[in-house]
Amino acid sequence: MDIRAAEISKVIKDQIANFGTEAQVSEVGSVLSVGDGIARIHGLDNVQAGEMVEFANGVQGMALNLEADNVGVVIFGSDAEIKEGDNVKRTETIVDVPVGKALLGRVVDALGNPIDGKGPIETTERRRVELKAPGIIPRKSVDEPVQSGLKAIDALVPVGRGQRELIIGDRQTGKTAVAIDTFINQKTVNESDDESKKLYCVYVAVGQKRSTVAQIVKSLEENGAMEYSIVVAATASEPAPLQYLAPYTGCAMGEFFRDNGMHAVIVYDDLSKQAVAYRQMSLLLRRPPGREAYPGDVFYLHSRLLERAAKMNDDNGGGSLTALPIIETQAGDVSAYIPTNVISITDGQIFLETDLFYQGVRPAINVGLSVSRVGGAAQTKAMKKVSGSIKLELAQYREMAAFAQFGSDLDASTQKLLNRGARLTELLKQPQFSPMPFEEQTVSIFAGTNGYIDDVAVDRVTEYESQMLSFMRSEHADILKTIRDTGKFEDDTKAATVAALDAFAKQFA
């Protein structure tokens, strides 16, 4: 075989010229110790706080404690496969998650990976889970309502788009039910073509049983609400770091809508469990404990999350993110550490009580303790007009009911007040998964406050309401349409409603 020196030298020169010097450079450290979901790592000198790191077996973690000689990392997965001396490499990215409309209708974990078995999620955008809340200048005061479909809320503690309204109560008082009904009630606005009316929903489940989350997803699907909802689940069986992260993940997904001129509502169910997960992580990272063994920055944990809910002004797209955090109390103790923290951060609270729940008042809202500090400005004019007196009447009723237990000979005005109060309480009851359109709520509450149910037996109030509303829908649909389209309850509408209710009173017996 003929060997030509010139040819060989040309091949060698070509190879030298095209020699690739790109080596994969990544900063690598080694595990000093691992246990209880925490790894101590040596050698990651340039790691950032909140940065993702990757262990040799592919499990990810997040650097939280940056100390002089080592880094404390919380592990997003099982620590069983990680051992001392293993390599750990930096990813050089702060924890981020996929965001966008492709997530609607899906169930994801705290890192944004799908867990519903419907294949991968095609998103183009990612967003950091921890971002600064909008400043004061880009914000605008709350002025549009979030219709929950629950009479007790829309009339007495109205919620506006961009508000933070706490739902607080003991276990098994229907806190999640209030949130899910609010989601289901957005079905009609989300079916319209007007993007500015739509309200996308994000539900974050923290530390709940998987069966409970599956049940919630099933309820949303059956009621047609899943197609405009995202569910983020960090269940009880998952590591504490994922339970701590899940609310921030859901918030980042909700912020996508807020920052693109759309509207979203997010439910954190519940923040008590997030605080417990954060306490576990902090104690294992050897951070000093404070009150109830929570770390010193547990207030900041929740405030930086809830401050991200905002109504943006028109220069910034006019979008909004409404937050409905849920807190579970122990035996009605709202003065415990976490409940008082979250009450002071939010713009009002909806207080649910066990006693009311067992008396059959559902939703079990304590109207006296529940407030909405900014929602009044967002309430529709029609609802504001008819519900003005109901709060006062219910407050007087509760005060009188306490005294009425002692004396039997009550004067006529007190008797009237007690009768009206009992019927109004009955009127505010509502079964689960049956939110009511606001125009029907308006007529219903108008009937209650104007004496139309005073002569109806208490146990027939619900029957009266359902028959009256079906009468209005069939005979006086124009009244309902006027209220729905204008959002107002003008004198002519009022006169027509009075005439309709008088006509119905004759046939209801």
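Every residue number used here counts from 1 along the chain in the order it is shown.
Using N, Cα and C of the backbone, Cβ positions are placed for all residues, glycine too.
Record features (Swiss-Prot):
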{"type": "BINDING", "residues": "Gly169, Asp170, Arg171, Gln172, Thr173, Gly174, Lys175, Thr176", "note": "ATP binding site"}
{"type": "SITE", "residues": "Ser370", "note": "site 'Required for activity'"}
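Listed in chain order, the extra residues whose Cβ falls within 8 Å of the Cβ center of the ATP site residues Gly169, Asp170, Arg171, Gln172, Thr173, Gly174, Lys175, Thr176 are Glu328, Leu352, Thr354, Phe357, Ala364. Between the recorded positions Gln172, Thr173, Thr176, Ser370, Thr173 has the most other Cβ atoms inside 10 Å of its own Cβ, all protein chains included. Asp170 (ATP binding site) sits 15 Å from Ser370 (site 'Required for activity'), taking the C-alpha atoms as the reference points. Sparsest Cβ environment among the binding-site residues Gly169, Gly174 (other Cβ atoms counted within 10 Å): Gly174. A straight line from the CA of Thr176 (ATP binding site) to the CA of Ser370 (site 'Required for activity') spans 17 Å. In sequence order, Ile167, Ile168, Gly169, Asp269, Asp270, Ile326, Glu328, Leu352 are the residues near Lys175 (ATP binding site), counting only same-chain partners six or more apart with C-beta under 8 A. Within 10 Å of the C-beta of Asp170 (ATP binding site) we count 18 further C-beta atoms, all protein chains included. In this structure, Gln172 (ATP binding site) belongs to neither helix nor strand by DSSP; it is coil. In this structure, the C-alpha atom of Thr173 (ATP binding site) lies 15 angstrom from that of Ser370 (site 'Required for activity'). Distance noted between the C-alpha atoms of Gly174 (ATP binding site) and Ser370 (site 'Required for activity') is 15 Å.
Separation of the C-alpha atoms of Arg171 (ATP binding site) and Ser370 (site 'Required for activity'): 17 Å, rounded to the nearest whole number.
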